[in-house]
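Presented below is the structure to which this report refers.
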Amino acid sequence: MTTPFTLRLEEMDVSKAAIGGGKGASLGELVKAGARVPAGFVVTRGAFDLYMEAADPQKRISQWLAELHSGGKTLADTARAIAELLAEGTIPNEIGDAIGSGVEQLGVASMSVRSSATCEDGSATAWAGQLETYLDVSPEEIEEQVQACWHSIFRAPALAYGAAHGYGVGEFGVAVVVQEMVSSEVSGIGFSVHPVTQEPELRLIEACFGLGEAIVSGRIMPDQYVVKRGAREIVENTLGRQREGLFFEHGRYEPHWQQLGERGSQPKLNEDQVLEYAGILDRIEDHYGFPVDTEWALTKEGFHLLQSRPITTLAKEYREPIIDTAQPWVKLVRRPLSLLETSFIGLWLDSRHAGEDMGTHVDRFMAIQDDSDLATMFLPKPAFDAVLDHIRDLDRNNRPKLIGLLEKALEVFEEGRQRIERNEVFTSLEDAVEHFVDVGRYTTSFPSCTLIALEDGHIDDPQVRALSEQLRAHSLYPRYLSQLVEPLVIEQVKALGFSAPERGPELVTWSELRENLIDRETLEERLNLVREGYRFVIQILEDGERVNFVSETGYLLMRQIGQRQIIPPDDPDRIAGQAAWPGVYRGRARVLMTSDPDGVEMQEGEVLVSLQSNPNLMPLLRLAGAIVTDDGGVACHAGIICRELKIPTIIGTGRATATINTGLQFSRGTVAMFERISNGWELAKQSFNVLRMDKELLVFPLLSGIACLAVLASFAVPLWFSGFIETVAQDEQAQNNPLAYVVLFAFYTVNYFVIVFFNSALVACAVIRFKGGDPTLKDGLGAAMGRLPQIFGWALVAATVGVILQIIESRSEKFGQIIASLLGMGWSIITFFVVPVIVVEKAGPIAAVQRSMAILKKAWGESLTANFGIGMIAFLLNIPAILVIVAGVAVAASVNAVLGVAIIAVGILAMLTISLVTSALNAIVLAALYLYGATNQVPAAFEPAMLTGAFGRK
């Protein structure tokens, strides 16, 4: 059966989406649902296909799109070539006649012409703003604008959007909806489920003066109303600061912006109108049977429905009562914790463990893991407040008991530390857990709550504060868990036949292990869910433990936080905005002051900071690690697209582009070098703070230096007495003797092995400190010993490169020296992160180099300039030491030899000390940059801002 070229809206329904597009089919459904919809008709997909056959008989567009998808053609070149080809296209007569007949039947002087992609407004994609819309079009101009709508599917933003959502060649087409133009002073958007918190009982309505396209453009701040379903109650009412509106004038199919002045601060809808549209949303959702995203216009006649589509960003489980809400939850901290760890933490303050000795307890606990694999922990607010009140009461009325508890905590800490040092393995998992719960309760939970109680209660008690801070300065439980508890858990799940026992702590809770509630099938199922991107939610409640693995958790976190603005708007020192998609992201800002992406070189993972969202920015939005805009509401393009791509986004900040200033808008691709040097200097200073806490780390470069001297002596002494060194030095041909290179290779191998061994030990200790532990020399040496094969393999690779560079240098004097120096510098750069990769990931030499290069791409500037900062400090400190040595020489020559030698010794000792310190600092900075680049965790003792600019998502 031949598809007609046009269909009236009354003839459309969801079954005709393939020929009328999502928008056309949805409007037909709205008509059937009894909604007030402007009269109109649809130019079908059949008309589009016939037009494309006539305009592109040789199928060149399909070929170009295939090349685009394979990477053989750029997005801009593809869009440009298609535009040039279609510029010559004309609408076949039979299509023109059908369109003319539809316009005549409509019988109005002004119409809107809207694109309706045949894969648009489905359950997975919204194509928000990617295709063209034309308003106030006269009957004579309809064909021209229909043709323009067809062409818009091949514009760069639409092609980028289609690629991002997996649409291949020939999988999309364009129908066009032609409707009577509705002139309204107020327009807006309506969601039948709040798109951010995904609360099924809440409706979100946004309203603005002028056309609703102003909202989806992201250029304005609309009014926002949150209404509870079935109850005539506005839960939340936010008045937008609308500075301008989008209006059209008769005879102009392109709308224009008008300044609103004081009028923009007035409410757009009254309470009755808000509740009326909320009721319309309820009826539309009931008709479709799923949540909807609608567009509307308000006239004297009432609300006109302009569009309805499924909300494409809801989690599978959004309607499920996953979280127990019997009591309000209060957010505690966000940490990189496994499911096993969080299940232990939930026991730290429960009645069984804390009720008797501490006199207070909390029997409810919750942790929600997010997309960054970090767990946000919650306690019930009433119980948590009771704990704080109890501690304050102890401080006022029974201070000796409070002091006694904190002193006992110090004893527990010391006992635990000694057990770790002795590596005392527990005989049973239950015994290990009981000890671990004591460690966590006394050394972490209780002192943390004490500090919070003092701060919130404005209590000045120096002794209590000092004891609490002493406990919190050294975190014992991460090492306790990884060294003494997790190995037992891994053995237990291994005994069940689980295929990946080392991942057991990610997938199981303590109560499941203790009560034998876990089996191999459950572990395998959970592992597959985690691999698919599912995250855990664990709750410890009065009636037991609940564990859920869910497809998304961002909306659950937004619900519990209880705010739709991530940052409170009344804080003048911070940028406030609305969360269009929740998340935490750190990356370098890219400030964009235009809506034209052409010529903008944006790196993948940068944070896009712009005045507004715009469909034209789609190629950049796909690269962004996060988005921040000055204007916009939840229904703007950025809001819709970020929810589909799951990119953390803050909209409507009002001043992001004026406040965020990294210089990127002036220096494309990288930050100015001086900014990098400044950041590197700060990283160097913060690494010194780590060294002050762990002064024993200086032992590693000292041992390395001594060992290197021993290696040098072990080679030099026998070679000297054998005459080999003298022969090579006097005879140029002997220098090219293969035996000389064999000796050189052996020396390089042993020397590199010694250096890398002690550097690995130092880096391992730094990583332990960054993860909250208290490292010892034994920890570092043990980690290096556990990686001897990898260290030796790397020493062989480094020695081989060293010999090759020596050969290049010796074969061509000055030119060879230049080439060897440049190659050596490049080798040092690409292998910058090899040692921490070996230490943490236990990677072999080749894999370590590849991993180092991947991390280096994110932070080459800070990686190099942090060492520049440390080197500069060393240079400045060495100047006085050199002057001391010079003075010593002068004194020895003219005053007193013994005194002069003593002064010289002081200067040399100072230089050696400076060398030891700078070597340790370089390793600490290296470990910090690696840890953040590889895991996105900000190491303890480092300011997040210093690492924020160094890395973007890859």
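Placement of Cβ uses the backbone N, Cα and C atoms for every residue, glycine included.
No curator has checked TrEMBL annotations; they are predicted automatically.
Each residue in the domain 'Pyruvate phosphate dikinase AMP/ATP-binding' (21-325) has a pLDDT score, and their mean in this model is 87. According to TrEMBL, the feature domain 'Pyruvate phosphate dikinase AMP/ATP-binding' maps to 21-325.
Feature annotation from TrEMBL assigns domain 'PEP-utilising enzyme mobile' to 603-665.
Counting residues 6+ beyond its ends, the transmembrane segment (697-721) has Cβ neighbours under 8 Å at 691, 743, 746-747, 750-751, 754-755, 757-759, 761-762, 765-766, 775, 777, 780, 915-917, 919-920, 923-924 in the same chain. Annotation comment: TrEMBL describes 697-721 (among others) as transmembrane segment.
Summarising the annotation, TrEMBL assigns transmembrane segment to 741-770 (among others).
Within the chain, the transmembrane segment (791-808) has long-range Cβ neighbours (under 8 A, six or more residues past its boundaries) at 741, 744-745, 748-750, 752-753, 756-757, 760, 784, 816, 819-820, 823-824, 827, 831, 834, 838, 844-846, 848-849. According to TrEMBL, the feature transmembrane segment maps to 791-808 (among others).
For 820-843 (among others), the entry in TrEMBL reads transmembrane segment.
Residues or ranges marked as transmembrane segment in TrEMBL: 864-893 (among others).
Among the features that TrEMBL reports, transmembrane segment is placed at 899-932 (among others).
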Spatial neighbours of the transmembrane segment (741-770) far in sequence, C-beta under 8 Å, 6+ residues away: 479, 690, 693-694, 697, 700-701, 703-704, 707-708, 711-712, 715, 719, 724, 776-777, 779-781, 783-784, 787-788, 791-792, 794-796, 798-800, 802-803, 806-807, 835-836, 838-840, 920, 923-924, 926-928, 930-931, 937, 939-942
Long-range environment of the transmembrane segment (820-843) - Cβ separation under 8 angstroms, sequence gap at least 6: 756, 759-760, 763-764, 767, 783-784, 787, 790-791, 794, 798, 801, 805-806, 808-809, 849, 851-853, 855-856, 860, 863-864, 923, 926-927, 929-931, 933-934
